[in-house]
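Engineer: Please read through the structure below; I'll follow up with questions.
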Amino acid sequence: MDLVYGLVWLLTVLLEGISGQGVYAPPTVRIVHSGLACNIEEERYSERVYTIREGETLELTCLVTGHPRPQIRWTKTAGSASDRFQDSSVFNETLRITSIQRHQGGRYYCKAENGLGSPAIKSIRVDVYYLDDPVVTVHQSIGEAKEQFYYERTVFLRCVANSNPPVRYSWRRGQEVLLQGSDKGVEIYEPFFTQGETKILKLKNLRPQDYANYSCIASVRNVCNIPDKMVSFRLSNKTASPSIKLLVDDPIVVNPGEAITLVCVTTGGEPMPSLTWVRSFGTLPEKIVLNGGTLTIPAITSDDAGTYSCIANNNVGNPAKKSTNIIVRALKKGRFWITPDPYHKDDNIQIGREVKISCQVEAVPSEELTFSWFKNGRPLRSSERMVITQTDPDVSPGTTNLDIIDLKFTDFGTYTCVASLKGGGISDISIDVNISSSTVPPNLTVPQEKSPLVTREGDTIELQCQVTGKPKPIILWSRADKEVAMPDGTMQMESYDGTLRIVNVSREMSGMYRCQTSQYNGFNVKPREALVQLIVQYPPAVEPAFLEIRQGQDRSVTMSCRVLRAYPIRVLTYEWRLGNKLLRTGQFDSQEYTEYPLKSLSNENYGVYNCSIINEAGAGRCSFLVTGKAYAPEFYYDTYNPVWQNRHRVYSYSLQWTQMNPDAVDRIVAYRLGIRQAGQQRWWEQEIKINGNIQKGELITYNLTELIKPEAYEVRLTPLTKFGEGDSTIRVIKYTGEFHCGFEDGNICLFTQDDTDNFDWTKQSTATRNTKYTPNTGPNADRSGSKEGFYMYIETSRPRLEGEKARLLSPVFSIAPKNPYGPTNSAYCFSFFYHMYGQHIGVLNVYLRLKGQTTIENPLWSSSGNKGQRWNEAHVNIYPITSFQLIFEGIRGPGIEGDIAIDDVSIAEGECAKQDLPTKNSVDGAVGILVHIWLFPVIILISILSPRR
């Protein structure tokens with residue numbers, strides 16, 4: 001009966017027609033690595049930790065199943081410090097980081113979703129290992145005097161190295177290894193509140209032999225092949241902390257454009273200190289020139305000003321630091337204001353009253369600032385009626401005042417304030433102020449036609465306030481109705497002519513704007529204000545902006561366009577068009593949407609329908625694409641072993657897909673299949689006929705033949721209906737000729753445990769095995785010799801009993817159907833490594849199971865007994881006629897020293913090399929090389945029943 005079922009299944013596979021089943025499934029995901037990690041722990045921990053050396057290439061692959069094909073997204077968090085996804089994401093199956101750095105360690109998440117069920121998420125923590133060069137610093141202390149002549153001198157040598165994992169330190173004096181307790185004058189300890197980051201060597205009461213060369217060795221125990229690093233320090237009676245001197249003044253005042261040189265020299269320190277320059281804020285200017293302790297700034301500017309510090313360090317004591325402040329002369333922002341007599345409630349200036357003219361600039365350095373006053377070009381000196389003062393710098397820095405007491409007609413004229421710096425080199429700032437009978441305070445008005453001001457979104461608009469008076473002050477614009485920024489991002493904008501120009505007006509800019517006078521360049525009086533209303537009209541915002549409607553012929557469709565917002569909201573009109581053809585017009589009443597129905601679709605009804613909703617500002621448009629195009633096919637990527645190993649130079653591929661929303665349009669009558677070799681331009685096309693209706697989730701299969709090994713191909717699939725072509729889907733198919741499994745990956749290459757056995761095979765590496773493992777049995781490393789590499793083994797310790805079995809099942813491997821009139825069946829070389837060491841070794845068997853046969857297992861290979869502490873390799877030729885599965889069976893021997901292991905299982909097309917095959921058919925060798933012979937009648941039967949291609 002099993003053989004009959006097997007024949008039925010095989011006939012189904014051989015047919016080049018169409019077959020189907022529901023295959024839609026939510027996503028599953030797992031993360032595999034490239035195998036370049038120096039360690040991966042996943043056995044006794046709740047999380048997977050992938051360890052890699054800094055500078056190596058990280059490569060993680062997210063393997064997904066599910067249909068339709070899930071979308072993949074890689075994200076990262078910083079580890080335990082943060083659970084928030086970072087903004088950067090990778091939308092790719094493989095996450096590859098070349099030359100990984102320490103800050104890139106953390107938890108990496110792979111998220112897969114296809115709209116079915118919940119998204120599938122898996123994570124792996126990446127731990128980046130590194131070891132920086134160690135640094136030795138020296139500190140010394142001198143105790144109190146004893147008996148007037150003796151001083152105790154103690155030296156501390158501190159060794160620090162940044163590392164992951166924690167570093168282990170060791171000390172040497174010359175060639176002598178220093179250990180705690182080995183020398184009474186030496187003490188080695190870790191400071192409190194540290195966790196291995198540093199190790200201190202304390203030399204108590206220095207002795208002559210303590211003056212020597214000391215070495216600190218930092219080690220992470222060769223993890224990830226990171227070598228130890230060493231640093232040395234020569235301790236002598238001349239060892240001293242650094243001291244320096246700056247050969248410049250403090251502060252240094254210079255003019256813009258000048259070159260300045262700062263010189264720093266060492267005056268002490270052993271070993272010779274190194275000198276570096278830093279700036280109190282920010283980085284050093286890019287244009288500087290450094291030469292040892294000399295720093296030169298060519299063509300200095302105000303941006304280069306600040307405090308510059310020279311730091312000397314020789315790792316003895318504390319670094320020495322000297323600083324100087326560079327001041328670059330500058331004069332800017334000259335402005336004035338007129339203050340009327342404060343003892344009268346009148347903002348005008350009048351004969352017989354006091355008037356004050358104030359002048360202000362920003363000066364660096366402020367102590368060099370001087371002012372000069374002129375009237376009509378002639379110098380002014382302070383007198384009883386003309387009082388010149390300078391405001392307290394703490395109250396109003398950089399300000400001078402000219403008080404005119406008892407203003408007379410002869411005082412009218414032009415007053416000039418000139419600001420200059422004593423050091424020179426900077427252009428003076430000159431400010432003219434006219435005092436006359438026409439000098440009056442400002443007044444603000446808004447032209448009648450300028451408020452409210454109506455404009456359309458996207459236009460350029462000018463808001464205007466008319467200012468009168470002499471002199472005309474600066475006008476400040478701001479929002480009056482809400483605390484929001486102005487178009488330039490500031491809270492206030494300045495205008496010298498009273499006009500505010502706004503480019504590309506948006507609807508958010510509607511509202512009230514305030515214009516007010518500033519005290520600068522005008523009268524120092526209560527600000528004058530005026531308001532301008534801005535109304536921004538914008539066309540209707542509608543939904544949907546675009547909607548695709550797929551529907552078959554003779555079916556009904558209703559399109560609806562809805563208004564979300566508009567200004568003005570009334571009166572709104574609408575137009576429905578198909579292309580340029582006007583279908584319907586109308587006006588909105590109380591409803592917020594308009595509809596257009598199509599009762600029965602035909603060829604002339606397909607096309608783009610536009611609904612325009614219109615107001616004074618413009619139109620909003622809903623677009624509807626009504627089409628009978630079929631949706632794109634959905635390629636099925638979860639086919640196990642889709643490559644068929646046909647003949648020597650060609651292969652076949654089982655292409656599978658489902659149809660997205662097959663009932664949305666007319667019945668699909670065929671598919672147009674296009675195929676081309678990767679890198680080529682020409683497509684080869686053929687049609688695949690479809691009989692009957694396709695069901696949602698139905699799996700369709702078509703076998704691609706005569707593909708050249710090992711080329712990849714691009715496949716394009718287009719559904720066809722009576723409407724015409726639908727959307728196409730393209731995928732790349734690749735030849736994968738050899739199966740290889742080293743059991744490094746999380747799901748052990750889809751191997752599974754047999755439910756009918758007594759116990760299970762176990763995945764293990766030497767680095768992760770139980771410390772209480774049984775000695776004198778089992779491997780000390782994987783087949784490649786790596787302590788971190790994984791293999792599968794049977795644990796024969798108690799409670800296992802003699803004769804109990806553990807069975808490991810391979811995934812199912814597909815092969816190509818064969819024709820009895822063509823070449824003979826393809827051969828496959830099946831190979832693996834096995835380890836059988838221990839005095840109680842039992843038996844290792846390998847069986848072949850063909851598709852459809854659940855009870856018949858054909859013995860391929862067998863071995864028993866102790867083979868020594870080494871890995872052995874086995875090769876077996878197999879000639880399957882249908883899909884097959886391999887079974888590894890380990891049988892427990894008479895005692896606990898009977899662990900059996902396997903590693904590096906491979907299946908390659910073609911026979912094994914003759915030198916790899918056993919010389920005779922013994923128990924320890926191949927017992928099923930010709931297992932295909934008894935199946936020859938089946939081949940004949942199948943070949944008769946199946947059509948030839």
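A Cβ is built for glycine as well, from the same backbone N, Cα and C atoms used for every other residue.
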Engineer: Please name the cysteine among CYS159, CYS224, CYS264 that Swiss-Prot pairs with CYS216 through a disulfide bond.
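Structural biologist: Among CYS159, CYS224, CYS264, the cysteine that Swiss-Prot links to CYS216 by a disulfide bond is CYS159.
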Engineer: Pick from CYS38, CYS62: which cysteine does Swiss-Prot list as forming a disulfide with CYS110?
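Structural biologist: Matching partner in the record: CYS62.
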Engineer: Out of the recorded positions CYS159, ASN443, CYS561, give me the one sitting nearest to CYS310 (disulfide bond) by CA distance.
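Structural biologist: Comparing Cα positions, the closest of these recorded positions turns out to be CYS159.
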Engineer: List the residues of the same chain that sit at least 6 positions away from CYS515 (disulfide bond) in sequence and have their Cβ under 8 Å from its Cβ, in sequence order, or write 'none'.
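Structural biologist: CYS515 (disulfide bond) has long-range Cβ partners LEU444, VAL446, LEU463, CYS465, ILE475, LEU476, TRP477, SER495, GLY498, LEU500, GLU529, ALA530, LEU531, VAL532.
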Engineer: Can you tell me how far the Cα of CYS611 (disulfide bond) sits from the Cα of ASN703 (N-linked glycosylation site), in Å?
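Structural biologist: Taking the Cα atoms only, CYS611 (disulfide bond) lies 47 Å from ASN703 (N-linked glycosylation site).
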Engineer: By CA distance, which of the recorded positions (ASN92, CYS264, ASN610) lies nearest to CYS110 (disulfide bond)?
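Structural biologist: Nearest listed residue in space: ASN92.
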Engineer: If H, G and I count as helix, E and B as strand, and all else as coil, what does DSSP give for ASN237 (N-linked glycosylation site)?
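Structural biologist: Going by the DSSP assignment, ASN237 (N-linked glycosylation site) belongs to neither helix nor strand, so it counts as coil.
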Engineer: For CYS417 (disulfide bond), which residues of its chain lie six or more apart in sequence with Cβ-Cβ distance below 8 Å?
Structural biologist: PHE336, ILE357, CYS359, PHE371, SER372, TRP373, THR400, LEU402, SER430, ILE431, VAL433
Engineer: How many Å lie between the Cα of CYS216 (disulfide bond) and the Cα of ASN434 (N-linked glycosylation site)?
Structural biologist: 79
Engineer: Specify the nearest of the recorded positions CYS62, ASN92, CYS159, ASN213, ASN703 to CYS561 (disulfide bond), where nearness means the distance between Cα atoms.
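Structural biologist: Closest by Cα: ASN92.
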Engineer: Sort out the sequence-distant neighbours of ASN213 (N-linked glycosylation site) for me: same chain, 6+ apart, CB within less than 8 Å of its CB, listed by position.
Structural biologist: ARG173, GLY174, SER232, PHE233, ARG234, LEU235
Engineer: On a C-alpha basis, identify the one among CYS264, ASN443, ASN504, ASN610 that is nearest to ASN92 (N-linked glycosylation site); the candidates are the recorded positions.
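Structural biologist: That would be ASN610, nearest by Cα distance.
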